[in-house]
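Annotated features, as they stand in TrEMBL:
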TRANSMEM  36-58  transmembrane segment
TRANSMEM  70-91  transmembrane segment
TRANSMEM  164-190  transmembrane segment
TRANSMEM  196-215  transmembrane segment
TRANSMEM  276-300  transmembrane segment
TRANSMEM  337-366  transmembrane segment
TRANSMEM  387-407  transmembrane segment
TRANSMEM  413-437  transmembrane segment
TRANSMEM  457-478  transmembrane segment
TRANSMEM  484-505  transmembrane segment
Amino acid sequence: MVHNQADASRIQEMDSGEKRLNELGYKQELRREMTLFKTLAISFSTMTLFTGITPLYGSSLAYAGPASLVWGWVVVSFFTWFVGIAMAEICSSFPTTGSLYFWAAHLAGPKWGPLASWCCAWLESIGLIAGIGTQAYAGSQTLQSIILLCTGTNKDGGYLAPKWLFLCMYIGLTLIWAILNTFALEVIAFIDIISIWWQVIGGTVIVIMLPLVALTTQSASYVFTNFNVAPERTGISSKPYAVILSFLVSQYSLYGYDAAAHLTEETKGADKNGPIAILSSIGIISVFGWAYILALTFSIQDFSYLYDPTNETAGTFVPAQILYDAFHGRYNSSAGAIILLFIIWGSFFFGGLSITTSAARVVYALSRDKGIPFSSVWQKLHPKHKVPSNAVWLCAAISILLGLPILKVNVVFTAITSICTIGWVGGYAVPIFARMVMAEKNFKPGPFYLGKARRPICFVAFMWICYTCSVFLLPTYYPISWDTFNYAPVALSVGLGLIMLWWVLDARKWFTGPVRNIDTDNGKV
């Protein structure tokens, strides 16, 4: 009797997220110490203000001019809300670290659940690990420009880091993120709180200061209505095709909000705070991202000069040239541009750190369910800090391997970006589709519930994801050659082909999806 009273008291005091976790068949193993603000900070840092826009801004601007780029952000933001709302409802019902692939398993039902879970887990793992690589590459690219401007410019004998040094910077960033992620999650959460203020304050400074510093600014008609394809630069003369490619910067930037879902087993009140963090991240990035695009575009001094290989930044990084033109034109010094580039570099640093955190959680959760070779190794937690340190280092090692072609291939960033986006966003599609077609009686809603609106919202979200994944498989430059070929379709075909072959030959016989570690009589999950 006393024991039963103690259990009842324990259940009564239990966090709502932990209660739901127990209902789903999992015991609380990770420390549940994250507040809403800390979870939001990590989710926001994973999306980040600069990391998506900055590296793809120049190429997207070149395809169809400023108007397509500026309004593309608005269009993509609109459809991103459908995806975020659909995911927020599912997160509210299933607050687990396995997140997407756990959702897919339960929403697809006992017959299709294992296959749905398998596909989702591997898509998500591929996307997140490639995401570490995109942050490391873009962060190295920004650092390359900082070093160039600090040592002079391309015209004044400045030092442009060669490929071998670029690769060293890429590896160095990846290793630093892995080391930091082997500490307790409170360390990462503290750093990400710095991150959110870094980006909000730094972003505000850039958005306000850049147009004010620039000697001249473009007219509103140029920014909002100028549409101009550039076949001499991109090889693309088709206007619809150019518009589609100009949207890539927005589609690459507006995802990553599922980071909040990966931390739900470590977040207080995760069934409520997880959805809030997802939707808040989308809202903040939608507003700040558009403001950042507008600030860059209004501050352009000479459009064609941005891409000139003989300009001060060697034509390697369009945003860096815009910053240089603004500050050097006003003050005859590049110091201001270097400071703002450092703010942008900090955003890449924080973003890579957060994506490493998310990637490790997905690998840990999949290992816990025996879905990865040598699962017993990757599911081990650090004895002191209770973080999946082995999974962290596995993700870092694979990310470094993805970056090795930097030494020989010029389109590495395009390939890694495409793999990252297709894997990451493609992983969203599986649970959203399952939620759309499942019988409502089999769904136990959480505090955030869409009711009858769930089918149209999920349908729009699913179709948008399919479109997004499709366009990242397209060639981005013509004529197609070894230097311009988009290697993502080949890499994904080989990788996903092997994963599905493993499923057909072996994994389908033993992989059942998420493996419960608590016996539960709850019939509706």
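Heads up, the Cβ atoms here are built off N, Cα and C, so glycines get one too.
TrEMBL: automatically predicted annotations, no manual curation.
The structure displayed is predicted, hence computed values, not measured ones.
Recorded stretches compared: 164-190, 276-300, 337-366, 457-478; the one with the most Cβ pairs under 8 Å to the transmembrane segment (387-407) is 164-190.
The stretches the transmembrane segment (337-366) and the transmembrane segment (70-91) do not meet in space: the count of Cβ pairs below 8 angstroms, excluding pairs fewer than 6 apart in sequence, stays at fewer than three.
Here the listed stretches are 70-91, 164-190, 276-300, 457-478, and the one with the most C-beta pairs under 8 angstroms to the transmembrane segment (196-215) is 276-300.
It is 70-91 that, among the stretches 70-91, 164-190, 457-478, forms the most Cβ pairs under 8 Å with the transmembrane segment (276-300).
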